[in-house]
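Here is what Swiss-Prot says about this protein:
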{"type": "COMPBIAS", "residues": "1-10", "note": "compositional bias 'Basic and acidic residues'"}
{"type": "REGION", "residues": "1-21", "note": "region 'Disordered'"}
{"type": "REGION", "residues": "155-182", "note": "region 'Disordered'"}
{"type": "COMPBIAS", "residues": "168-178", "note": "compositional bias 'Low complexity'"}
{"type": "DOMAIN", "residues": "299-487", "note": "domain 'Helicase ATP-binding'"}
{"type": "BINDING", "residues": "Ile346, Pro347, Leu348, Thr349, Gly350, Leu351, Cys352, Lys353", "note": "ATP binding site"}
{"type": "MOTIF", "residues": "472-475", "note": "motif 'DEGH box'"}
{"type": "CROSSLNK", "residues": "Lys615", "note": "ubiquitin cross-link"}
{"type": "DOMAIN", "residues": "631-790", "note": "domain 'Helicase C-terminal'"}
Amino acid sequence: MQIPKYENKPFKPPRRVGSNKYTQLKPTATAVTTAPISKAKVTVNLKRSISAGPTLNLAKKPNNLSSNENTRYFTIMYRKPTTKKHKTWSGDGYATLKASSDKLCFYNEAGKFFGSSMLPSDSDSLFETLFKAGSNEVQLDYELKENAEIRSAKEALSQNMGNPNPPTTSTTETVPSTKNDGGKYQMPLSQLFSLNTVKRFKSVTKQTNEHMTTVPKTSQNSKAKKYYPVFDVNKIDNPIVMNKNAAAEVDVIVDPLLGKFLRPHQREGVKFMYDCLMGLARPTIENPDIDCTTKSLVLENDSDISGCLLADDMGLGKTLMSITLIWTLIRQTPFASKVSCSQSGIPLTGLCKKILVVCPVTLIGNWKREFGKWLNLSRIGVLTLSSRNSPDMDKMAVRNFLKVQRIYQVLIIGYEKLLSVSEELEKNKHLIDMLVCDEGHRLKNGASKILNTLKSLDIRRKLLLTGTPIQNDLNEFFTIIDFINPGILGSFASFKRRFIIPITRARDTANRYNEELLEKGEERSKEMIEITKRFILRRTNAILEKYLPPKTDIILFCKPYSQQILAFKDILQGARLDFGQLTFSSSLGLITLLKKVCNSPGLVGSDPYYKSHIKDTQSQDSYSRSLNSGKLRVLMTLLEGIRKGTKEKVVVVSNYTQTLDIIENLMNMAGMSHCRLDGSIPAKQRDSIVTSFNRNPAIFGFLLSAKSGGVGLNLVGASRLILFDNDWNPSVDLQAMSRIHRDGQKKPCFIYRLVTTGCIDEKILQRQLMKNSLSQKFLGDSEMRNKESSNDDLFNKEDLKDLFSVHTDTKSNTHDLICSCDGLGEEIEYPETNQQQNTVELRKRSTTTWTSALDLQKKMNEAATNDDAKKSQYIRQCLVHYKHIDPARQDELFDEVITDSFTDLKDSITFAFVKPGEICLREQ
């Protein structure tokens, strides 16, 4: 083998691609001459002799693209791996595939290679495959076919071909080869290989790992730094500015995105809730009619308060107020120095990062829709747990919600589901900043597992929403209050000793004339009101009258059928009641049975109390198979009149599913289209049923179980509602009647209440008119409050005995108690009486002097008369503005449907109370 001859030639610097010019050698200032340089002329060899022979075959880089026409070019999209639900691409680029290779090479838009991946086994899925290239995910977009596109791709990729790995240092000068005639190289090596290192650019700002520039946390800088609120109050029309304490650094201003939609009572509500959750004392407002929501007051701290009870009536917008408060606390904080801020001093995060909303499962969808309606779910992350999830999936979702930031801020969960994920919440309870409990009266039972689970989370800021905070007694009231603000009422033993016992004694009818007990009870009541009004806000739906269409309330007294009267007599005779030992609890089964008779005698045979206590009677078959009743006749006549006389929809409400079954069969026989919602309907189907009824004009009626759906159930597609039977708890009926008269309603509303004349229906109605006294006393409903009657328990055993009496000779027992008018449709004005003065006189005479038996009997008769007068007075107050109408004397009931159907109903309606809306009054 012939070996090429070695020639010792001077070093020749490399030539730049595309350049034929060489720069002359310019010695550097630091060069050291160690030998004299020949004076011979320095020449440059333009021809570099390369010996023939074998050469080193270097491996080609992926950047060195072949010019082979068999190479295929693609456009690509790439991104970093992410777990987000809605993924986006971060960049575009190119991919190449050589015919002789099964490897795709990926480049970014600048032509820089960043990875490669093997082809998938299935060539048909080439464009659906997600490739892994380095730290990126890559997907092919389309293949380049046009010559212009391929040429453009080649140009982009060729930019980095010459220098795929650019060095960090560069040589500033090169030395051409020099030689003299002696052939001896005389350039010093130190000068030949001298390099100038390029210095890296130094940033003038300090390096940080944070994504945003934050304000230094040093105390010295904090004092010098000025902070500013998120919103400029000068650029907002009618802003809502929150109150603050002396330590606040910036104002908290409600986002105008929400603030512009809030009504005056909602603005006040948001500010009240904010004060409570921030632990601020209540301000002293001299004139409550002046709007103070546009000003920020500096208040003292109240260490006893960190929670709030919003007890507004249904329909006042408790959900919207809560969402406004949540959004405000997520975005803003008055303590700017404790969070990251922008360079201009604006807080970048709020006081709360994670908020837990607990509600009935039927309201989860409604809460999420409300967040989407008012904020748009792109602004705030709201997580709900799917009903299809397994328990493990729910637990994982809760863990991710608490630990992963910036994705979800609000978790909405049902009360029952809370128990299954309680362990995950307990482990990370320090991450939950706020708790919202909708329908908070569910937490009234101190032994409830749900209540104890929420207590174990130890969340400081709590907000409870309810329209019925006090339903039975002060024991339940204490449970709710102690959960909101622990310890504010002391221990239960001390609360019972100081408040429950004296207040209960004062309300006991046996102590109605004991001046000492009554005064002590009143004193304790006022003391408790002063404590609770610091964090309880209660408004009635009377303030909605100027925002909603007019509403006409009609109470119709329906004449019972002969079969019903017979059933009442047989049941009461068969029950063999001992009124001496009778209590409300022991007689509850009998009361329920009598209520069913009012609805339809056909419900008697299947009643458990009837089967176990009432034996077979001679006339059982004559009424147990009858479906007729006075209320059913009035109901079907009303439905037919609404369907024919108007284009409106109607909601029919009952407390019993068996009653709904009878009504549903009658509507089917009459060809009335309808839908139904009761406790048997799965929660996930309820929203679709309600939406279908509200939007589908072909659906005429909606059958509703009174206790189904929660307060968030809106049936504004209907403008007429018929309450077929009453519940002992007035809040249940009020909630049911508010389904149609709320935000979103465009038509005048008509509410019909059907009552069986002279029977237990009327007694329940009368009790409802008085049972609100406890809530009115402690929650501030002062408009309809009678201070004297609210101090007494207005029902005793005589009243309970009266429940089981049937008055067949009256047109309305309720009207007989309160009025002696002729029922000509006039509105009766009631003068103030000296009832309170008479009561005080009886108290003094019964406690300060010795009494003989004759005088005692006389006083007892006076007391009974006084009690009846008090009941009448209170019922009259509840029926203020109602017109008294006797159909035998007056055929105008301020409703065209009843008026047009009056010929058919004249023998079925014995009396009516009507409270007309504004439109009805104008028409008259």
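Just so it is clear, glycine is given a Cβ too, placed from its N, Cα and C backbone atoms.
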Least Cβ-crowded entry, counting other Cβ within 10 Å, from the binding-site residues listed as Pro347, Gly350: Gly350
Assigned element (helix, strand, coil) containing Cys352 (ATP binding site), judged by DSSP: coil
Cβ neighbour count (within 10 Å, all chains shown) around Lys353 (ATP binding site): 17
For Cys352 (ATP binding site): intrachain residues, at least 6 apart, with Cβ closer than 8 Å: Ile326, Leu329, Ile330, Asp433, Met434, Arg461
Protein Cβ atoms within 10 Å of Ile346 (ATP binding site), excluding its own: 15
Structural state of Ile346 (ATP binding site), classified by DSSP into three states: coil
Neighbour tally for Thr349 (ATP binding site), based on other Cβ positions within 10 Å of its Cβ: 15
Neighbourhood of Leu351 (ATP binding site), C-beta criterion under 8 angstroms, separation at least six: Leu329, Gln332, Thr333, Pro334, Phe335, Asp433
Leu348 (ATP binding site), number of other Cβ atoms within 10 Å: 16
